[in-house]
Amino acid sequence: VKFRRTGDSRRSDEDGPSGEHEVHIEGVRAELEPVELEDGAAVPKEFANPTDDTFVVEDAVEAIGFGKFQWKLSVITGLAWANAMEMMILSILAPQLHCEWRLPSWQVALLTSVVFVGMMSSSTLWGNISDQYGRKTGLKISVLWTLYYGILSGFAPVYSWILVLRGLVGFGIGGVPQSVTLYAEFLPMKARAKCILLIEVFWALGTVFEVLLAVLVMPTLGWRWLLVLSALPLLLFSGLCFWLPESARYDVLSGNQEKALSTLQRIATDNGAAMPLGKLVVSRQEDRGKMRDLFTPHFRWTTLLLWFIWFSNAFSYYGLVLLTTEFFQAGDVCSISSRRQEVKAKCSLTCEYLTEEDYTDLLWTTLSEFPGVLVTLWIIDRIGRKKTMALSFLVFSFCSLLLFLCVGRNVLTVLLFIARAFISGGFQAAYVYTPEVYPTATRALGLGTCSGMARVGALITPFIAQVMLESSVYLTLVVYSGCCLLAALASCFLPIETKGRGLQESSHKEWGQEMVGRGSHSPGGSQE
């Protein structure tokens, strides 16, 4: 019979490397049939934590496994993630207001930029709120904020009103990524990467649904109804969000042991699984949501490298979206310069409504998100998070360099499709890695600051993809390719690989002391 010492007991000199003792009992059959469980399956009651007298949230989440509760959580948090509709609507709303209100080009561009300004300014704030007052609280407030101002912007009488209201919508969207923080903290280790990537499918579905909604609504009801109807997923989330529990990891960290235990028991009941035996251990209470914790010696380089990776992701992703329109209208890269000269000769108030062909192109462009999800889903648990991000940046950079060739429209379409699929896949891998690498006390703030840096990249990229493009197509492509090469290096230099790791509970522990799988131990440290 093998057993493991737990609690406050100290390891003796006679203990083996794993801290296990072995006792031989005569008359007991030594050969036992092995029991194999599928990935994410609940541990049977007779095997759930049989020897421990205490357990932590990580133990409970692993023992309960993936089940009915996580499926419901996936749908509800996915509705919040479908706020992509509020982003996609910018490419549809801009030309419509340009024609209807006779806006000059700079005012149309400002309508898009103000949304990113709102997101950039609020991302850190929402992360701080989620760490201080709970993930559920931060997510609910940000979604209700976005819903309110999203509907209100449909009644804007003049340009100045819609400019302010869309900026406030952007302020609310900055908090929606916290749904990933809440979602990740309820997922068992083996299912975490796949589930976070699958929830990203809601982003792609939101963009596709927005284009289809525009095809139906714009010709008859107009842009005001489109703004109102685009808030439907958030409205549905608002009605269902009261079902959401607070993160048990957050409750334990904030000292609310009874509430955390109640949440875990609720999940176990939903999944039809057994709770671990013993007593839930309350982690050391820490200051939460402090910016200085992102720059401790353990996380300083991780934070700085992640900021650059997120910046490069958004810079390249939104830059490619802008370049795609320019390249398609010109026919190929070599014809882009002559086309820009023709555009300069036109009045800035020239009005061009979106046609059916334009909507079809938008739809095909958004569909490239799905292959990106599938590729990332296939490789992220095979080669790891860091290598997945690095590979995504390298493929995007290679496709950008191939655009130097005067390829035809068909080859151009394929290259742009591959580039967008991989850069969106890199974005999704970053959404998996970031909540995994930070401890519970700073997880939401870490994700929030990274999201804020992404919005900085989104703000800068129009000056490259549109302004610099007028001067030199090749210089523009070199900037995007070079940025992604540097981001690939940054991904490789990240000091922590989170593949196969449990979520870190305390910032006072070294990385690697958290659970890597039931019964595994870090050298020289005790398992939590």
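First residue shown is number 1, and so on along the chain.
Heads up, the Cβ atoms here are built off N, Cα and C, so glycines get one too.
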TODO: Have a look at 46-66, 445-465 and point to the one annotated transmembrane segment in TrEMBL.
DONE: 445-465
Task: Stretch contact, the transmembrane segment (411-433) with the transmembrane segment (73-94), Cβ-Cβ under 8 Å, 3+ pairs - done: no
Task: Interface check, the transmembrane segment (298-318) with the transmembrane segment (73-94), three or more C-beta pairs under 8 A - done: no
Open item on the list: How about long-range neighbours of the transmembrane segment (388-405): same chain, 6 or more residues beyond its ends, C-beta under 8 Å?
Closed with: 309, 312, 316, 320, 327, 333, 376, 379-380, 412, 415-416, 418-419, 422-423, 425-426, 429-430, 433, 474, 477, 480-482, 484-485, 487-489, 491-492
- [ ] Quick one: average pLDDT across the domain 'Major facilitator superfamily (MFS) profile' (72-499), no decimals.
- [x] 81
Task: Ranked first among 73-94, 141-162, 445-465 for CB pairs under 8 angstroms with the transmembrane segment (106-129) - done: 445-465
